[in-house]
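Novice: Just dropping this structure here.
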């Protein structure tokens, strides 16, 4: 079977490493350079000094067709999930957060990060975990008789201080300890929560709406979900040109949204009173409150109680943002400009505080939008060996600030009253529920935890060929079942925690605890060789070495371009040597 490994070939006969190559590797080093006697802010200062000489070129390098094409692509990739989370937040926070607040947060934080972030390729926005956190804080604030927005403002203040402290103490290097065990448990949790919420909304349609409207909403939800699923795999068809297939696949979500947003305007359905996305008629907050939060409208007890959820938010962002950052700066991407992990976490802390001042949800690095942004800016060739195995060769990524800034401005344009009312206001809530279903189910492919859950029900010829099955020798099925049972039991506990408002806020703590559990406890019950196959680190060690100039580490284990007799393909056409 042809291989589709994504690789960046350096130090090989095919491509010579260029001066200025990013030597920092895909992750922040624990003791990389600097005077070890002066550890405070050492890495952050080093990162700022490393990125500063590139600041003006970050704008000059944005003058490219590839960059301009990336802006609308990232706009649609970011705005559709943002609207989905906004509708969810509005419903569950009594309009304290809504469409305008989510868009405002995305615009301000996205612009701020594009202009002042260390790695501007990262796309920031409101995520599903942040939505869960915000809804839980709202429920707790009601039970404690605290006003939600002032309490969120103080949570943002304490969280900012914690982010700054972690950045100043060079703590982002700890993200290297994260393995698939934590990432995939977290990803599977969020996927199931998305699906659960879509089902809850469907049930509510039948409870609250007339039967004809509820049936239409069911049709729109399932139709938009099915359309997004089918269009997202459009590139696998044998019909149409490769460019057409790629465009349809890339824009699967907006196409599905547009098609089914038009359904209520079909004459036969015009009388059905279905629920639409709630937006204000003019540029103002969803609830009609003032934009700036009154920080004094809270008790002293509430101020200090805010430290607890601030700690939880910091843990969530430390995990979520840094994983997004790592995925956007993998060694195979061949980025030339240095990373800035600690400095970027500092910038995220400042943006959290700004969100608290305005009473909008906080943002962090988006998955999968951030790595998709990098891919949209990449010049990629296809390498094929004499056996027909294919691999991607990343020749260049257009590293600049223009595309991230452009997509933030484009999202901001959606807050113009005319567009807000006549476009966003005509999107049915059921379309967003279909998108929730799609986001949930689309998270399963590539998640090895999900693959292992299916193993007992699959024939051997239908199994996903993951490392633990194709290794020589493979991991025993009894060991796979035991490892999966442990992970499923832990997942069930965390999912149970999220079902209750007073405990849901702690779920990031449980995810963080998985890291020491995997590193210290599981090796006592599983062989090291089996764990290496069942649960690799988030960033492969060989990739880290490769980015530092080690020849053997410059390629994944599954490909060796050094020994390939290669044909080079550019834009789908072979290049004659």
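Cβ atoms are placed via backbone N, Cα and C, with glycine included.
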Novice: Quick one: which of 25-45, 46-66, 277-297, 340-360 does TrEMBL have down as transmembrane segment?
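Specialist: Checking TrEMBL against the ranges 25-45, 46-66, 277-297, 340-360, the transmembrane segment one is 340-360.
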Novice: Pick from 6-24, 177-195: which range does TrEMBL record as transmembrane segment?
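Specialist: The listed stretch tagged transmembrane segment in TrEMBL is 177-195.
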Novice: What else in the chain is close to the transmembrane segment (298-319), if you only count residues 6 or more beyond its ends and a Cβ gap under 8 Å?
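Specialist: Here the qualifying positions are 129-130, 133, 137, 140, 144, 146-147, 150-151, 154-159, 162-163, 166, 171-172, 175, 178, 182, 186, 345, 348, 352, 362, 364, 505-506, 508-509, 511-512.
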Novice: Count the Cβ pairs between the transmembrane segment (247-266) and the transmembrane segment (432-450) that lie under 8 angstroms and are 6 or more residues apart in sequence, then report whether there are at least 3.
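Specialist: They are in contact.
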Novice: Cβ pairs under 8 Å with the transmembrane segment (148-168): which stretch of 177-195, 340-360, 432-450 has the most?
Specialist: 340-360
Novice: Determine which residues of the chain contact the transmembrane segment (102-128) at the Cβ level, with the cut-off under 8 Å and only residues 6 or more beyond its ends counted.
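Specialist: For the transmembrane segment (102-128), the far contacts come to 47-48, 51, 58, 74, 78-79, 81-83, 85-86, 89, 190, 193-194, 320, 324-325, 328-329, 335, 339-341, 343-344, 347-348, 350-351, 354-355, 358, 360-367, 369-370, 373-374, 377, 397, 399-401, 404-405, 407-409, 411-412, 414-415, 439.
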Novice: Within the same chain, where does the transmembrane segment (432-450) have neighbours whose Cβ lies under 8 angstroms from its own Cβ atoms, ignoring anything closer than 6 residues to its ends? I mean 6 or more beyond.
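Specialist: Long-range Cβ neighbours of the transmembrane segment (432-450): 80-81, 83-84, 87-88, 128, 180, 184-185, 187-188, 190-195, 197-198, 201-202, 217, 220-225, 228-229, 232, 253, 256-257, 260, 277, 464, 466, 484, 487, 491, 534.
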